[in-house]
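One structure is given below, encoded as structure tokens.
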Amino acid sequence: MRTVEDRSLEFLIRRDREAELPPLASLCCNYFKQRHWRDAFDDEQASLREELWAVKTQLDTIPMEAYTATRNKLFPLALSGEQQQFSNRAGHKLLESMESTGVWMELSKLLCGKSRKRPRDFAFADVCGGPGAFSQALFKAGRKQGWRHLHGYGMTLAGVSGLDWYNSLLNSPQFTCTYGLDGTGDIFKLSNIDCLVSITKAAPMFLVVADGGFSVDFSVANYQETISSRIMYGQWLAALKLLRKGGCCVLKLFDTFSPLSRAVVYLSCFLYSRVHVAKPRHSRVVNSERYLVCVDFLGYPNEAWGRYLDCFYELGFVDNEHVPELMPREWCLQDEIFMADMRDMNMTVATNQMTALQMILNAASAVEEELKAKETTTRTSAESDDSPLSSRESCKDG
């Protein structure tokens, strides 16, 4: 039987260099086709997606405790709460994604210029970043790289348990946090993104990282990609508005089957010199998480792009239940080079994920029996400890 393990994967996503610039200015900003998140997929790689969903659904029969124990036994690298260097695994995932795609090399080249003795000042933005594992990792890595003049800016939801910035960041003169124009830190509001842009206007913003997302109910876990469409697009747009030319961005994605995800990656190929999708080794092979890594920001091709992408965000997402159409799906599908790379990436990640999930399905019953036996032993031991003292023990106490 085929097996897999947690290891870093990297995919270069290219476009046809002869392809015409997508004419976003020709699209209407007053009306966007809407689909409910349940219906926001198309027939592109539908059989692969449905096969993956079918394997995921089989997990419903496994108790959560048994699933977690089996997963951790088979894939120990990605244990929750790993804190060897950072406060959680997210920091590892960011640095591994940057390493596998050459972001460190690109930033070093950009910052050092002609002189390696005095690196240029460098700022990064951590969007939807609370409690701050990405920022924590970047400061640690920055010290290792010798970037002494590193400054971070962060925006996250205010007043949400678990998303408050780490005290080490709040107390650092190298970190500035904001909660946007209205004080909520809500990235769904374009005005809050623009507030962060205004605050960082004079900063040498060469890196934007975004790890935003939210838990979805187990019953709709297969739709996490489309349910997360709004926050995914908002973070991607924030990077475009924040970055200086030459900068890089790292954005968390889930599955990349939907037309919106595909369009975002395709447009990125016109906005950056190089586009990758990375699956870092600390990102569990059993899940769909991956990272869009864009290198060497070129700027908007024209002002019309900026206006349309803003308009789409502000008017297209009427609520959290529907996903608007960013552009005609044919614009992506007709680019054979781009589609070949996307299909290969989706096939590889999904196939590995299905193999990992099947490994869990095959091993879960034995692990569940081990857990039951352990529970029985623990209960028996506890009952023994609570029993009255034997006559011999009574004499000894006397």
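One-based numbering along the chain as shown.
In case you wondered, yes, glycine gets a Cβ from its N, Cα and C as well.
Feature annotations, reproduced from Swiss-Prot:
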type     : residues       : note
ACT_SITE : LYS252         : active site, proton acceptor
BINDING  : GLY132, ASP211 : S-adenosyl-L-methionine binding site
DOMAIN   : 85-298         : domain 'RrmJ-type SAM-dependent 2'-O-MTase'
REGION   : 371-398        : region 'Disordered'
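Known features from Swiss-Prot, placed on the structure.
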| residue | record | DSSP (3 states) |
| --- | --- | --- |
| GLY132 | S-adenosyl-L-methionine binding site | coil |
| ASP211 | S-adenosyl-L-methionine binding site | coil |
| LYS252 | active site, proton acceptor | strand |
Cα distance (Å, whole number) from the residue listed as 'active site, proton acceptor' to GLY132 (S-adenosyl-L-methionine binding site): 15
Neighbouring C-beta atoms (10 Å sphere around the C-beta of ASP211 (S-adenosyl-L-methionine binding site)): 23
Lowest local Cβ density (other Cβ within 10 Å) among recorded positions: GLY132, LYS252: LYS252
Nearest-integer angstrom distance between the alpha carbons (Cα) of ASP211 (S-adenosyl-L-methionine binding site) and LYS252 (active site, proton acceptor): 5
Mean of pLDDT values spanning the domain 'RrmJ-type SAM-dependent 2'-O-MTase' (85-298): 93
